[in-house]
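Peer 1: Take a look at this one; I'll ask things after.
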């Protein structure tokens, strides 16, 4: 039982996101190994209709 809020205080000096090597945005999560902008390393680029401008 150590994956809650108490653990977050121990990782406050580390980087959560680094630059993604596919899209170039600063959205690659180091812990989950996934880019929140393009979905890397998934083979398809992440895109949703609600995210596009109307």
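From the backbone N, Cα and C atoms, a Cβ is placed for every residue, glycine too.
Annotations per Swiss-Prot:
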| type | residues | note |
| --- | --- | --- |
| BINDING | 20, 23, 35, 38 | Zn(2+) binding site |
| ZN_FING | 20-38 | zinc finger |
Peer 1: Let me know how many other Cβ atoms fall within 10 Å of the Cβ of residue 23 (Zn(2+) binding site).
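Peer 2: Step by step: centre on the Cβ of residue 23 (Zn(2+) binding site), count other Cβ atoms within 10 Å, giving 16.
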Peer 1: Count the other Cβ atoms sitting within 10 Å of the Cβ of residue 35 (Zn(2+) binding site), across every protein chain shown.
Peer 2: 25
Peer 1: 10 Å Cβ neighbour count around residue 20 (Zn(2+) binding site)?
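Peer 2: Excluding its own Cβ, residue 20 (Zn(2+) binding site) sees 20 Cβ atoms within 10 Å.
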Peer 1: My understanding is the cutoff is Cβ-Cβ under 8 Å with a sequence separation of 6 or more in the same chain; which residues meet that for residue 38 (Zn(2+) binding site)?
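Peer 2: Same-chain residues close to residue 38 (Zn(2+) binding site) (Cβ under 8 Å, separated by 6 or more) are 20, 22, 23, 25, 27, 45, 46.
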Peer 1: Within 8 Å of the Cβ centre of 20, 23, 35, 38, which other residues of the chain have their Cβ, at the recorded Zn(2+) site?
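Peer 2: What remains near the Cβ centre is 21, 22, 24, 25, 27, 28, 36, 37, 39, 40, 46.
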Peer 1: Please list, for the zinc finger (20-38), how many residues fall into helix, strand and coil according to DSSP.
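Peer 2: DSSP classes over the zinc finger (20-38) add up to 0 helix, 4 strand, 15 coil.
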